Amino acid sequence: MASGSATASSSKGPARTATSSTPNYELPWVEKYRPSLLEDIVGNSETVERLKIIAKDGNMPHVIISGMPGIGKTTSILCLARALLGDTYKEAVLELNASDERGIDVVRNRIKAFAQKKVTLPAGRQKIIILDEADSMTNGAQQALRRTMEIYSSTTRFAFACNQSNKIIEPLQSRCAILRYSRLSNDEVTKRLIEIIKMEDVEYSEDGLAALIFTAEGDMRQAINNLQSTVAGFGFVSGDNVFKVVDTPHPIAVQTLIKACYEGKIDDALERLEELWDKGYSAVDVISTMFRVTKTVDTLSEHSKLEFIKEIGFTHMRILEGVSTLLQLKGCIARLCKINMPPALYAMK
Ligand SMILES: Nc1ncnc2c1ncn2[C@@H]1O[C@H](COP(=O)(O)OP(=O)(O)OP(=O)(O)O)[C@@H](O)[C@H]1O
Ligand SMILES: [Mg+2]
């Protein structure tokens, strides 16, 4: 936590005690609390352990870190580079991300020139080229890297971060150690959020915290951003405030809808659905919250849960194909209600 608290103390004071005369400027918390040491990275402990060993031994292989957004891939690579290179970080690291031009010319000129550059480094260390969001690099640029990676490998190592490792061409994959990051668990996100909440002195309720976890779905960046937006907008983190900020249907409302379906109360269920629709939520918002709620609700029997998820899945697919009408959702609700109805009853209807 050294990183968080160190940076916190420098910018916390003015931001939170801002009066009308001082500008109310505040660093995004995702940046303010971006870990700078490998020890501070939450989750994926086995993989992070491997990075720590690399940082200690110093012989970094070419690596690819892949995984969904907001779980610490870029952060890990930056921490690793910092741990390996210390004060020489500035001269010895070339960082290119999707906002930089990374076509074949850049590989031929910038990357090659950097690889050839002579830098005095601590013993047993190499220069590092970080290619963030590497899945957006063109095929040609990736092909051009193949030989470069080999020729300069004694002095320069590559670190790629990407969301989908299959967008990296096979020859590059075969030159690298591939580390896969998985989505963070709710406990891991909760732990980090509570640390930030403490450091920022945020007032919160348990259901507010639960709402942040529910909406983030294992994405730490989203959890922290939603926390900050809720604090900025309302000053207090409660479930209702979080759902207002995130602008997705309140899971409690959706839960009543699912329950009504489970009990076969179609009129009730349709009424609930119309309430949500009238609030302006789109069909995708409604159906994806229905999915997440069904997954977590524990009053449903195993069989019903599976059947519900199947129906919701089919409807989600149709909505994504373009038919995102209220009628589509009503059809789904009708099919859900039918699942638990005794056969005699629905033969009559
Ligand atoms: N594992 C983690 N531990 C602590 N903080 C994290 C972690 N993952 C993400 N964060 C927070 O989220 C922010 C974004 O993380 P990062 O840039 O590493 O995401 P990423 O995995 O590279 O995502 P993307 O695929 O979108 O580039 C960090 O600044 C940090 O505040
Ligand atoms: Mg990243």
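Here the Cβ of each residue, glycine as well, is placed from N, Cα and C on the backbone.
So that you can see what the record holds, here are the features copied from TrEMBL:
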COMPBIAS  1-11  compositional bias 'Low complexity'
REGION    1-21  region 'Disordered'
DOMAIN    59-195  domain 'AAA+ ATPase'
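The DSSP breakdown of the domain 'AAA+ ATPase' (59-195), given as helix, strand and coil counts, is 68 helix, 24 strand, 45 coil. Looking at the domain 'AAA+ ATPase' (59-195) alone, the prediction's average pLDDT is 91.
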